[in-house]
Amino acid sequence: MTIYHFVGIKGSGMSALAQILHDKGFQVQGSDVDKYFFTQKALEEKQIPIMTFSADNIQEGLTIIAGNAFPDTHEEIERALELGLPVIRYHKFLGQLIDGYTSIAITGSHGKTSTTGLLSHVVGAIRPTSYLIGDGTGSGTKGAEYFALEACEYQRHFLAYKPTYAIMTNIDWDHPDYFKSVDDVFNAFETLGKQVKKAVFALGDDAELRKLSLDIPIIYFGFGEENEFQAKNVIKETTGTKFDVYHRGEFLGSFEIPAYGDHNVLNALSVIALCDYEGLPVEDVKKELKTFEGVKRRFSITEKANQVLVDDYAHHPSEIRATVNAARQKYPDKKVVAVFQPHTFTRTRTFLQGFADSLNLADEVYLCDIFGSAREKTGNLTIADLAHKTKGNHIIKEEHTEELLKYPEAVILFMGAGDVQKFQAAYEKVLDHEVLTEADLKKSAIN
């Protein structure tokens, strides 16, 4: 039996796919840079070997699954090609893997990961389900009937998939290094829609998705009256959100989610719509929606000292706006401080004013240096260009996160798609030191 070797195994999709193959009984290993990523925890728990990149890792008998961030000139891929080993790109392998399942591809400019996680949780509790989530979580469930997968639009990679269903959460202009306009993004989504076998579930409040023209049913969901599945009577509380769902004007049920913001209501509504279409019991769906704990790096909360720290993947103006609004709902009486690390120079330059406008919805804004992706290392833009447009003109360094101590009782949002977690980790050390120092002072006073 071949061994599957993942080039770039710490990538979120790659990590999830490796876990799926491992669960299905295949031998799996992989390589990546010698730096800790949150995705590797699950790999280590499953005892999947992780090596540092080296051509010496590539031996006879391997099947290579190559991450899309790595060109054919990468040393491991070059060695594999020299040896005549099969080399398959991640998205193409996944496209082959989902055949034979009732597959559900979740895509959209925003909300893919959260919706895939929610769908996997709900459907997986009702029927055997394999899933691949973009937070690095994957499961190859034995006897699975369904396969839920996050489908990324970047470079049209999702066109490798021919799923049974697709959920389209929204269309927005992102990845400006590849997509030239929102029309370009729309064309990619419509092309995917034409490959879907049974039905597409699409946000009907999205003007772009309303333009879809397909030969299969398009089931629209949203807040508007014209949607087949409509969310109404939304009640936003500090513990979560309640709402009623109507299907073609008929009351379907009252639902509750332990999540915040309109975007999470819409994510849940898409899942409810698909489950109803598939005939899954509505009471089971209600029950499972209540117990979803979220996905990694999406409004992940840590309470420390007298502050609330939130880790979030938001890296587009629309996502920042949604994250700030969610924080306002859950913590209406607290000050909201945004700590943002822009991801890629191209995206930052393209949406510079949009970033400023969304960040300024917070009470205070701190900016980290721009994170260049694997595709792009340099740019003429600097973080100062964005800082000049935001409240306070604050730039924060990893070595000086103590500035955030100025905001007791605040919610601090650490947002970005790069490695903004290191800023949170540095700040948590500052908080730990402050707590220890305070304890020492109290001890000295007693003595």
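Note that the numbers count up from 1, one per residue, in the order the chain is shown.
Backbone N, Cα and C atoms are what each Cβ position is placed from, and that goes for glycine too.
Given the structure is predicted, the values throughout are model-derived calculations rather than measurements.
Feature annotation from Swiss-Prot assigns ATP binding site to Gly108, Ser109, His110, Gly111, Lys112, Thr113, Ser114; the stated evidence is sequence analysis.
Positions of Swiss-Prot features highlighted on the structure.
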| residue | record | Cβ neighbours (10 Å) |
| --- | --- | --- |
| Gly108 | ATP binding site | 25 |
| Ser109 | ATP binding site | 23 |
| His110 | ATP binding site | 20 |
| Gly111 | ATP binding site | 25 |
| Lys112 | ATP binding site | 25 |
| Thr113 | ATP binding site | 24 |
| Ser114 | ATP binding site | 26 |
### Task
Around the recorded ATP site, report the further residues of that chain (criterion: Cβ within 8 Å of the mean position of the Cβ atoms of Gly108, Ser109, His110, Gly111, Lys112, Thr113, Ser114; site residues excluded), sequence-ordered.
Ile106, Thr107, Thr115, Thr169, Asn170, Asn267
### Summary
Under a three-state DSSP reduction, the secondary structure at Thr113 (ATP binding site) is helix
